[in-house]
Structure formats: C-alpha cells, structure tokens
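Annotated in TrEMBL:
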DOMAIN    18-219  domain 'YjeF N-terminal'
BINDING   64-68, 129-135, ASP158, ALA258, GLY311, HIS367, ASP435  (6S)-NADPHX binding site
BINDING   ASN65, ASP125, SER161  K(+) binding site
DOMAIN    223-487  domain 'YjeF C-terminal'
BINDING   LYS404, GLY405, SER406, GLY407, THR408, GLY434  AMP binding site
Amino acid sequence: MHRITSASAADLFDIAATRRIEQTAASALPPHTLMQRAGLAAARLAMALTPHARTIWVACGPGNNGGDGFEAAAQLRHRGFFPVVTFLGDESRLPQDAKASLQRARDAGVTFTSEPPSTFELAVDALLGIGSTRPPSGAMAEWLVRMHAGAQPVLALDVPSGLDADTGTLASDPDRVPASTRTTLTLLTLKPGLFTAQGRDAAGTVWFDDLGCSTFIQESATARLAGPPDHAPRTHASHKGSYGDVAVIGGASGMTGAALLAGSAALHSGAGRVFVGLLDPVAMSVDTSQPELMLRDAHALDLSGMTAVCGCGGGDAVRELLPRALSTAAALVLDADALNAIAADPSLQAQLMARGRTGAPTVLTPHPLEAARLLGDTTGGVQANRLAAARALALRFGAVTVLKGSGTVIADATDAPPVINPTGNARLATAGTGDVLAGMIGAALARRRPAFEAACEAAWQHGHIADTWPADAAPLTAGALARRTPA
Ligand SMILES: NC(=O)C1=CN([C@@H]2O[C@H](COP(=O)(O)OP(=O)(O)OC[C@H]3O[C@@H](n4cnc5c(N)ncnc54)[C@H](O)[C@@H]3O)[C@@H](O)[C@H]2O)[C@@H](O)CC1
Ligand SMILES: Nc1ncnc2c1ncn2[C@@H]1O[C@H](COP(=O)(O)OP(=O)(O)O)[C@@H](O)[C@H]1O
Ligand SMILES: [K+]
C-alpha cells in the first residue's frame, strides 16, 4: 500500500480492464483472498488515519464494495477498535464474497445498527465501488451527505461512492463543497476517474493497494498518470540555437498581455530566442520589464524553422495568420482564439488535418469550452468524458491534444494510452495561466522534444510550480508563474 503522488508515473485501468484483472487474480488465488486483503488494507489505513478513534462508522452497500467494508470492520474489531456497521442492502442478494465477509464481521463481534452512529471519528465509505450504475438516492444519498457534512475524515474504499471510476464524473450535486477530509484507498488497480474531472475533489488523498496482484496484469494500461520530466542537463558547448526559436502570435488590441505571458513562459522555460508577434497594430515595440523578448509585428514574422505558439490573446485578428502558421511553422501550439477560429472555419479545420497527416509537431491546448466548440459538443459533454474528448480531438485533427482543467488530459492520435497530469491545483484558476502553459509547451517543442512528451512535461511542470507555491507567498499570478518565481 502506498500513497499516490505526482513524483512517479503510474498505469491506470478502467472498470472493464479492472474486472478482467480481478477475474484472472481471483481464479489463481484461494476463495475470498482478494476481499480479505482489501479489508485488511482498509483497516490498516483506517487505524493510521485515526489511531485513537472510539467509533468508526462503516457504511456498507449491496455489492462487493460493501464486502470490503464488512471485512475491514472485522479486522478493526480484531484490533480492539469499535466499528459500527450500517448495511444498506438485502443480505440474501449479497455476492458470495460479501456474504462471507458479513459473516466474518458478525463472528468478530462487530456492532450492526440501522442508523449511522450519532458521533464518529472516522467514516468508511463502502457503499459503492466500480459497480455504481446510477446516482445514489434515498438512504444511501442521505448517508453520503451525513458522512461528508462534518469535519471528520472519510475513507472511501476503492472509489468514492457515486464517482464514475472511468470518467471522474460524480453522480451527486457537483457544487456541494464537502467539509470532510477525504482519503481513498483504491484496490487492485488505479482508476482514471480518481484523477480527472471531479475525481480529485471526490477522492482526496489517494492510496493504492494492488492486493499483491500486479503479476496478474497482462494487459496494457487504459491511461497513464504522468510522472516528472527527466532533468535534461545543458551541454557546455551548447548555444542559443541549440534550444530553438519560439514565436508567439497573439496579443490583439487590448490583449497584448496574453502574448507577453506566453513569451515570458517560453523564455523562462529555456527557449533559445523568443519573438512575440503582436497583432495589435499600435502595440509597444519593447517590453522594458522583459527586454529579452523580441517584439515584432505578427504579420512580418517568418515562421519557417520556428516553433509558433499561436492564439494567446489573438482575438479575431489571429484568423488571417492561421493559414501561414499551419503551413510554415516547424512546430505549432494552437491555443485560445486560434482554436476558436478553427472551430468556426471548416477550411482551417481541413488545413489542420492536412498538417496532421504530414506529421509536423502540433499541439492543441483547449480548455473544456474550446474543446466543445471544436467537437461541436457542449462543455458538459466534454467534461462527461474528458479522456474520450481529448482522444477524439487528437484523432480528428492528427494533433496532440491537451484538454486543460483539473486532471489535464493529454492524448495523441496513436494507440498510446492518454495521459492524465497529476499536478496543478485551483491556484491556477486565474486569467493567463493557460497562456503560460502554451509558452511552456512551445519551449519544449523548440528544443525538439516530441510533441506528446513536450505537452506532458510542460503540463506536469506548470502544475508542479503551482503545487509548490509557498503558502506564505503572494497569490499565484500568471506573470509570476511564467517567471517561476513567487513575487
Ligand atoms: N474488482 C476488483 O478488483 C475487486 C473488487 N473488490 C470490491 O468490489 C467492488 C465491486 O463490486 P461490485 O461489482 O459488487 O460493485 P459495487 O459493490 O460497487 O456495487 C454493485 C451493487 O450496487 C448496486 N448499485 C449500483 N448503483 C447503485 C445505487 N446508486 N444505489 C444502490 N445500489 C446501487 C448494483 O445493483 C449492485 O448490486 C470494487 O469496487 C471493490 O470495492 C475488492 O473486494 C477486491 C477486488
Ligand atoms: N482548478 C484547477 N486545477 C488544476 N488546474 C487548473 C485549475 N484551474 C485552472 N487550471 C489550469 O490553469 C490553466 C488555465 O488555462 P485557461 O483556461 O486557458 O486560462 P487562460 O485562458 O486565462 O490562460 C490550465 O492549464 C488549467 O489546466
Ligand atoms: K466506496
């Protein structure tokens, strides 16, 4: 059992793959082994979270997730704790494993009640796991509200009840801000839904126990959790040409700052030279706070041989430069208004697809609304399955797609599993941080990292800066993020 952090990459498996792995493992092991291991791991984590708990409420549901709860309760009772189990289900219809664990809990002397205890130091959510098929209602919904209403910690077994383990969508009211401190102990496999969409809020701190079954995993992962980029030392004999040129195209009237932010981010991410091609005809000719940036008229920039980062603060004006960027830029990041222009124009879409067929490195960085426009969908439709939406965009345009938001998803048009970025937090929910990400990806492309790696590495680093922002520093702003320096 170990805690999942952003410090190492990990494989993720969806529900269908998890069930196949479970079947393989269960058929190779003595009966009830998996549930006993799951219950023991849960009891150990419960004791570590609340070593002095007097009452531990274990809420058990109608399937094998409830079985994990019974087993955990039995183990806790054996160790001198006082679990109180509420069971929401029909005993005669319990799966065999869960029935055996219910008996073991009874034999251990666990207390069963029909109503949750009035006070408890820890709640264990063993209501629904990967068998969740519809939103919790009735008593189950009431118990979940009760469990999360106070400040007491909640330990969810396998998956927080009501969370879709594949997509990270939550069945219950997404706007409810729970008071509880959340921990999830996920079992056998790590699931993608714990790390994207509403998954991170619902799951809290994620622990993983493979139940000793990693050797039974024969299939490839459904998705992957990104790990930190390798440190790439600079050789002594390198020069600015070794790290490439980035040209930012954006900054229409009133939005110069977006292009400057992307340029600053590219510069501080190590690009050899950074040009900022501004679309505003009366724009400044030098940014005295960042004299390293070479400000140009966007129309005068020759993009051949360059990595272009196109669209930051681009407004409608960016549209006329897109055909040239799509056909001449050596590598290309398309962000913000460039994506909106493409979504509205079939001829630009055709040109983007044609670029995709040439294999020229191209990265799209939509937030959910921009992704929805490109897909002809709604933001809700995109958020309902972020992995599928990112993959659909990557396949349609032949471009690496970075679908931003909590648990940014990076997909490409190959058979490689999509990646979920584990870093980042709501400090990034401030204007301009997306421009910074686009500039960071541009710098990685300029030093010739392959597009998928460039996107994964920049997304990890971008979120990591926010995750390590000192608590006592000024609030994160996009400018400070670009400079990587809390000001
Ligand atoms: N698959 C695995 O890898 C392992 C599974 N184990 C546990 O077993 C779980 C999967 O067990 P199950 O397939 O029985 O699934 P669950 O225990 O998640 O739930 C299935 C049951 O809940 C009912 N249900 C679904 N949504 C409901 C709702 N909203 N309200 C009320 N009832 C609802 C279903 O009709 C079914 O009876 C895992 O999440 C994990 O906790 C572990 O014991 C060991 C390994
Ligand atoms: N709550 C959050 N958790 C993690 N990352 C976030 C969150 N909110 C925003 N971000 C990140 O911040 C960036 C915002 O980008 P975007 O929406 O394009 O903003 P802007 O257009 O203002 O630059 C993205 O990288 C996104 O993933
Ligand atoms: K659960």
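Just so it is clear, glycine is given a Cβ too, placed from its N, Cα and C backbone atoms.
Model, not experiment: these values are computed from the prediction.
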Whole-number Å only: compute the distance from the Cα of ASP125 (K(+) binding site) to the Cα of THR133 ((6S)-NADPHX binding site).
17
Within the set ASN64, ASN65, HIS367, GLY405, SER406, which binding-site residues show a CB-to-ligand 1 distance under 6 A?
ASN64, ASN65
Quick check: which same-chain residues outside LYS404, GLY405, SER406, GLY407, THR408, GLY434 lie with their CB within 8 A of the centre of the AMP site CB atoms?
HIS367, LEU403, VAL409, ASN421, GLY424
Closest of ASN64, ASN65, ILE130, SER161, HIS367 to GLY405 (AMP binding site), Cα positions, binding-site residues only:
HIS367
Checking the binding-site residues ASN65, ASP125, THR133, LYS404, GLY407, THR408: which ones have Cβ within under 6 Å of ligand 3?
ASN65, ASP125
Which binding-site residues from the list ILE130, ASP158, HIS367, GLY405, SER406, GLY434 come close to ligand 2, meaning a Cβ under 6 Å from one of its atoms?
HIS367, GLY405, SER406, GLY434
Given HIS367 ((6S)-NADPHX binding site) and LYS404 (AMP binding site), what distance in Å do their CA atoms have, once rounded to a whole number?
5
Residues flanking the K(+) site, with Cβ no more than 8 Å from the Cβ centroid of ASN65, ASP125, SER161 and excluding those residues themselves:
ALA59, GLY61, GLY69, ALA126, LEU127, LEU128, GLY129, ALA156, LEU157, ASP158, VAL159, PRO160, GLY162
According to DSSP, which kind of secondary structure is ASN65 (K(+) binding site) found in, if we only use helix, strand and coil?
helix
Averaged over the domain 'YjeF N-terminal' (18-219), what pLDDT does the predicted model reach?
96
Three-state secondary structure, which DSSP defines for ASP125 (K(+) binding site):
strand
Which of ASN64, SER161, SER406, THR408 has the fewest nearby Cβ atoms, counting only those within 10 Å, among these binding-site residues?
SER406
Cα distance (Å, whole number) from ASP158 ((6S)-NADPHX binding site) to THR408 (AMP binding site):
22
Inter-residue C-alpha distance, GLY407 (AMP binding site) and ASP158 ((6S)-NADPHX binding site) (nearest angstrom):
19
When neighbour density is defined as the number of other C-beta atoms within 10 angstroms of a residue's C-beta, which of the binding-site residues ASN65, THR133 has the lowest density?
THR133
In the structure shown, with every protein chain counted, which of the binding-site residues HIS367, LYS404 has the densest set of Cβ atoms within 10 angstroms of its Cβ?
LYS404
